[in-house]
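See below for the structure under consideration.
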Amino acid sequence: MSAFREWFETMTLGQTKKYMELLAWSLFDSFVVSIPYAVMIMAMYVLLIPVLSPETKLPLNRMGILTGILLAQFIGYLFIRRKSYLDFCTGFAGTTRTSRIQMGEHLRSLSMGFFASRDAGDLSTVLLRDYTEIENFAQQLLPQVATILIRFLLAVVVLSAFDVRMTAAVFLVIPLALPFAFLSLKRMEKESRRLQTSQQEVAAGILEYVGGIQTLKAFHMAGERFETLKASVAGWQHASIRLETGAAAPVSMVGRCLLNCGIGVVMLTGGFLLTKGELSPFYYMAFMLLSLTIYDPVLMLFTFIADFSRTARSGGRIRSLFEEKPLPEAKEGAAPEKYDIVFKDVSFAYGREEVLHRINLTFPERSVTALVGPSGSGKSTITRLIARFWDVTEGEIRMGGIPIRNIPSQTLLGNISVVFQDVYLFHDTIEENIRMGREDATHEEIVAAAKKAACHDFIMALHRGYQTMVGEGGSTLSGGEKQRISIARALLKDAPVVLLDEATSSLDPENEVLIQQAISALVEEKTVIVIAHRLQSISNADKIVVLEEGAVSACGTHEELLREPGIYSQLWQEQQNAGSWQIKA
Ligand SMILES: Nc1ncnc2c1ncn2[C@@H]1O[C@H](COP(=O)(O)OP(=O)(O)OP(=O)(O)O)[C@@H](O)[C@H]1O
């Protein structure tokens, strides 16, 4: 029972009570819809009596009553149907909308580790297709099944009043056929899992193909990769066919055959009772006709089995996504008043492999600390831990003396401006993309930030200026332009902590001077942590931390580090030599 309750809760997106209210109306609606069905049985009875006993007159008054019932049903039905249909559609649409929003908020609270382990295709499948499946199930499938059950009960009551033995003959095959329906539902589970996996593969494949089309074209692989995509689409088609015709189909077929045998059982039982004179020809005919209207809905249940199985998996996937544990949030919000950042014995692993080992570091307030070191040494990871995109595996990070775990994520991120090497711009206007830095910023403030970040001129040269739409991910702008917009965002935010990860990596020399000035304005009086591969750009930093294989190997000013032999002086020397590097003809 608890498994059923859990299943029902999943399929109604946790809104069981509200759904039951909607379903109650829908059942009432089904009851009203079924009245003509009962009237039809009564009419047959009323009309056949004079046929069987010629001395009786046609009972016109009874026919009049039945017609009156039908008319009343028709008028009542118009109102009830309208209400139940509208209530169901708007009511359940509201439930799915709320659940989708809750899912969006939930996803926001998950660590970046979660997103690294799930691809975008997979998540978009849940948000789009799985919710649609649930919507169809709750709005159409479940009410239809409920209607079938109501008709069933009505038929049992009305037919039993005529003849209990014949009623038993009609229903005899149903308990025999239903186990086959459940068995085929069980068998379908594997096929439906396979179908959903292949649907995810196709969604992920399309996203990857479109996202990587430039690289694929450059490497002449667009055709080859398309073949892979074609293969996964074929896999999808194959899985869909298997769902309908696979191992579950023969089982379901046996159930259907049994149901079809039911009419034979009714015929034989009726014939037997008729010859013994225990059943009138009227009842015989009535049972023959009515048994068809009973088996048809049950046969329909068999066709719903595939839908049931598929939708149950969709519900399960929504549920399991909700069950993903978010990063623990501080209950009582602590807001730092100072902005120095301290790493105490911090170790971190993305998965199993540790990439930072017992880091002890202080990033003093209102000073610039640079992180340098070979590629993969853990520089970006340190900045991402400060913004709490991941939680540390061991140790603690403090901001202004408060462990960042105890600072609500809104407050923490409100205190940090981030300029990463891979800038993402949204499919929106340039103005709105800059406004992400501070939602209540005025147009004048946005323009001022853009001027400081040296992007005002190129924005004004665009055909609609600040109102120009940016392609998804910033695809219509150059790398340097995107980088400058992200600096404008950070300038607008004016947060006390600034994380710069290769912020000047995409800039041409012409812009570099301007951008250096903008960055100088951005970092003034802030706690700044900067990553730069070109040591020249950070030689003025107050402190330089050298990382090697996830551990701090040296720390000091540029001059101090140059004085001692080590990776810093080696890197510095290499970069000085590389200054004269050129492609040899
Ligand atoms: N999302 C991730 N999942 C798993 N491993 C990761 C992830 N991001 C980085 N790593 C690994 O963690 C280690 C440190 O990476 P990190 O990006 O911090 O280095 P980095 O010093 O900033 O490198 P670079 O200078 O090339 O940007 C590397 O071995 C990298 O492969």
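The backbone N, Cα and C atoms fix where each Cβ goes, glycine too.
The transmembrane segment annotation in TrEMBL falls on one of the ranges 257-275, 485-503, namely 257-275.
Within the same chain, the transmembrane segment (22-48) stays apart from the transmembrane segment (257-275): fewer than three Cβ pairs sit under 8 Å, each pair at least 6 residues apart. Residues 156, 159, 248-249, 251-252, 254-256, 258-259, 261-262, 265-266, 269-270, 287, 290-291, 294, 298, 301-302, 305, 308-309 of the same chain lie 6 or more positions beyond the ends of the transmembrane segment (168-185) yet place their CB under 8 Å from a CB of it. In this chain, the transmembrane segment (281-305) lies close to the transmembrane segment (141-162): three or more C-beta pairs between them fall below 8 angstroms, excluding pairs fewer than 6 positions apart. Tertiary neighbourhood of the transmembrane segment (257-275): same-chain residues 163, 165-166, 169-170, 172-174, 176-177, 180, 281, 283-284, 287-288, 291-292, 295, 298-299, selected by CB-CB distance under 8 Å and a gap of 6+ residues from either end. Below 8 angstroms of C-beta separation, residues 25, 28-29, 32-33, 35-36, 39, 42-43, 46-47 of the same chain, each at least six residues beyond the ends of the transmembrane segment (60-80), sit close to that stretch.
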